[in-house]
Structure formats: C-alpha cells, structure tokens
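Comments concern the structure below.
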Amino acid sequence: MRNKFLPAIGLALVMLLVCAASGAAQTSSSIHLEPGTVSIGAMYNGAQVTLTGTIPASAQVLVEVKGERDKVVLSKKGKAFGLLWMNTGEVSLENAPTVYMLNLPEAYSSEEDGGNAALTSLGVGFDKLAGEVSIESSDCDANNKALFEEFVKLKKKEGLYALNNNAVKYTGEKNGVRSFSCNISLPPRMKQGDYVVTAVVIKDGKAAERDDRPLEIKRVGIPEFMAKVAYEHGALYGIIASVIAIMAGLGMGLIFGGDGGSH
Amino acid sequence: MPHLYLPIAGNSINVLVIFAVGGGVGLLSGIFGVGGGFLMTPLLIMLGIPPTVAAASDSNQIVGASTSGTLAHYRLGNVDFKMGILLLLGGVAGGTLGVQLIKILRASGNADFLINITYVVMLGFVGGYMFFESLQGLRKTEAAAAPPEPKDNAYARMMENLPWQTNFEKSGIRVSLMLPLFLGTMVGVLAAIMGVGGGFIMVPVMVYLLRMPMHVVVGTTLFQILFTCINVTIMQASTNHTVDFVLAVILLAGSTIGAQFGAKISRKMGGDQLKILLAVLVLLVMFKMLFHLLFPPEIMLAYMGGH
C-alpha cells in the first residue's frame, strides 16, 4: 500500500518544484529604488536615483519615469499676415505627464530618437504617450500629431522628456536570473511632486510585467520656506522683497556712493 | 561650481553665471545710464528661468538698483521730483490703460502681433533717431561751428499755447502740467504692452519732447522707475507668484558692482559717443527681434509669457 503511493507522491513533489521554479522566473521583479525620496535643499542641482533588480536571464527591462498628468496651455507659433512668425494661437494638452523619461537597454537602443513601433507595441514611448494625450487647438485645421511632436521637442529641450539609450545595464547572471541597474538623472527642473518609476520586463518581445516604485521629490529647508511665503502670503512676500531690495540698494549706494545698478 | 536652487523659478542656477549676467548688464547701464530691463530678461530666459519669473524678478532687482541710483543723483541735485511725480501719475494711468488694452486684444487674438510690432517699431524709432541725432552732434563738434537750433518751430509754439504752464526749477524748463501727464500716460501704455519698465522710452521722451537736461533726466527716470518697479514687484508677487527674491538679490549684487565700472567708463566718453553706442545697442536688440519674426522658430510651441 505504502509502496503504491510513493511514486505518486514523488511525482507530485517534482511537479511542485518545477512549478515553483518557473513561478520564480515569472514573478521575477525584485526591484529597488534608491533613494525613494529626493529633497530639494538650498544648494540642490538635480539628483540621481538608481533602480536595481533582477529579471530572468532571457528577459530585457526598460525603465520608465513618469510625472503627474496635468493640463498645459501653450502658445502656438505661426505666420501672421503670411510674413511674421509669432504666437498666433493657443494649444492645450490634457493628460500629458509633467515628466516622461524612458531608459533603454542596449537591445532596444537605436539611433532613431523618438517613438517607434517596437516601443509602442510594448506600451511605452512617445507614440504611446501621444495616444493618451488629448489636444485642443484654437486652429480648427491643426495637425494634432505634429503638435504633439513639437510639445515633445519643447519638453526635451527642458530635459523633462527624454529617451535615454544604453541606460539600463545588466551586471551579473546566476541561476537563470540576471541583475540590472539603471541610473536616473533627475534634472533640477523636475519640480516637487510624486513620480512613478516603472520597470517594464520584456519576455519574448512582449511586455510581460510592470513593476512600479514611487519617487517623491520635495522641497525642504529654505526653498520650502520661501515657496510657502511666496504662494500663501504673496502680497507680504512682494512687500518684503521690495523693502529688502531698497535696503540693499541703499547699502550698496552707501558703500559705493555711486550710480546704482541697471534700470 | 556653486549652485543655488530657486524655489519660485523651479530651477537651479550657477551663482557665478547669474552674478556675471547682473554685472554685464550693470556695466552697460552704468555706461549709458539706461537699458537694463530689456537686456536682462531675455538673458535670464536663455539661462532657463521661466519668462514670467525672469521679468518679475528683474523688476525686483531694479527696485534695489534704482534706489542706490536715485540716492546718488539726489545728492547731486539731479532729481526733479515735481516732474517725476507727474510722469509717474501719467505712467500709472497709462499702465492701467495698457493692461486693459492687452486683455481686449488677447481676447481677440491680436495681442502678440501688437506687442511684437510695438517692440520693433519703438526700438527701431528710438535707436534710429538717437543714432542719427548723435551722429549729427559728432559732426557738429568736428565742424566746431554749429548753427543755432531753430527754437521757434511748430512743436515749441504748440507747447507754449497749452494751459497750466508751470516752472520746473530743477530741469530749468517751463511747460504745461498736461505735457508730462500726457507723455507719462503714453509711455505707460507702451510699457504695459511691451511688459517692460519703459526706461528706454522715457529717457528720449524727456530729452527730446520735454527738453530736460541729460543729467536731470537720468536722476528723474531712476526716481520714477523705483516706484514703477515697487508696484510691479508687489503686484506680480501677490497675483502671479513670479518674483524670485534670491535671483533678484544675486542680480542686484552683480549689477551694482558692474554699474560702478560702467560709470567710470562713461565719464571718459563724450555725450554723443555714449548716445551713439546706446543707439547701436538698441538697434541690435531690434534686429534680433526682427530676425526672430522673419525666420521660422525651432519649436512651434512655447510657454505663455514670452515674446
């Protein structure tokens, strides 16, 4: 009787082990963001955070950084009277993230900067983003695709939208699992707010898993105090700023006894 | 490199670069007596400061700069308070009128066209007039025998016929009270449309239309600009939250020191040489604007508040 059941129990154990092993490979994402909170102090000039983790050896990983979605109203350049280039209308973009950075491993890096079909099929990149943003223009015949491309150019110039090639590095491989790390440079223009860093794990050319980590950027110390006064007590801030400027001007005037500055 | 984070501008800046910008603009201002605002704001925008914050913080630094300037000129007896107050009253009325005008034009979609055209025409007119006028001045000096100016022209006759003629002792002129009020209003309208303090329009207006002596013009403009910029600083801080005080203080430190060297250079140059150099500077800014108007921009979208 005992002998009769032994092979069955053994088989069940083997199957369980196989399942556990494949399961481990599937839910691969042990990711870690360091640091998860960035403080903007008086001498802040941008920061660097690092996302590390492990994925199956055969998989790839892309790292996406996204800001809160917002509405932004921009002025649109056009030709007035067919001659002069100036602001000729307004464009409002709804649901566009304040920040969008996509960090790519070597396998997905290309010379071509911008959205491409491979990235779109993985649910990332600027083309994918374009589909999520609604654009309204004061011109009826405006080309929304072209407008979004111009918006991306504007944000790229500020460093708030970026597509970084060769930015994900694979470091070691062991037992069918490999480690990755991605250094993310946060430009000083990234404002106080909540951001999300996502590891998109690619298996067999498909996005198999997305794992998020929150990233918080917050003002502390002097910048926080000044912003608080400026936004909550605007008139008082203006008066203090004027009084201090007058005192500084009088002080400079007394030191130099001179002709003052620019006006 | 020492960096500071500007909480209102929402960006970090290199302290030395901002100090140098302040110093450079201060140097030019010290040489010419005018011309900070219309150079400083575009330079700050180039360094990554949002346009609205650049303009408002520049007004804040001008408060400090014009305080020390007014103090120096007051000591020398170069401030015509009566004239300054009349121009200021006109300026406030004109500024209010200009802001309303811009609101109406924005609603109809023509504001930017008007702003750009006003800039180019005013810069071109002021720069061009000063250039040719000082060129004539230089030629006259060379010829050493300048013909007397025809004093009895139509403009002078019209001025004499206006009511409420008043003596302005400091400026040594007698004109109608209406004239500075009217001219102040006009400059106020233009300044509000262009979003600048109006110093570079006010100086030629005082020299050519009010016929005030140059040294009193500089002192009186500074006095008037001080109040205009206090008003702008408080208004911008309370309604738009765009004044970055840290930025203003660094600029002020730079511009005050720059202005000292500028003033020394200025003393070594003749009046007409100064005017012709200022005219060239104004014309260069005008050509730069014209270039941007005539050639397609790199990016077809822009943040609001810039030109």
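If you go along the chain as it appears here, the first residue is 1 and each next one adds 1.
Backbone N, Cα and C define each Cβ position, glycine as well.
Listed in TrEMBL:
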TRANSMEM  B:12-40  transmembrane segment
TRANSMEM  B:83-101  transmembrane segment
TRANSMEM  B:113-132  transmembrane segment
TRANSMEM  B:181-209  transmembrane segment
TRANSMEM  B:216-237  transmembrane segment
TRANSMEM  B:243-262  transmembrane segment
TRANSMEM  B:274-295  transmembrane segment
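With a cut-off of 8 Å on Cβ pairs spaced 6 or more residues apart, the transmembrane segment (B:113-132) and the transmembrane segment (B:243-262) reach fewer than 3 such pairs and are scored as not touching. The stretch in closest packing with the transmembrane segment (B:243-262), judged by the count of Cβ pairs under 8 Å and taken from B:12-40, B:83-101, B:181-209, B:274-295, is B:12-40.
Counting Cβ pairs under 8 Å to the transmembrane segment (B:274-295), the stretch among B:12-40, B:83-101, B:181-209, B:216-237 with the most such contacts is B:12-40.
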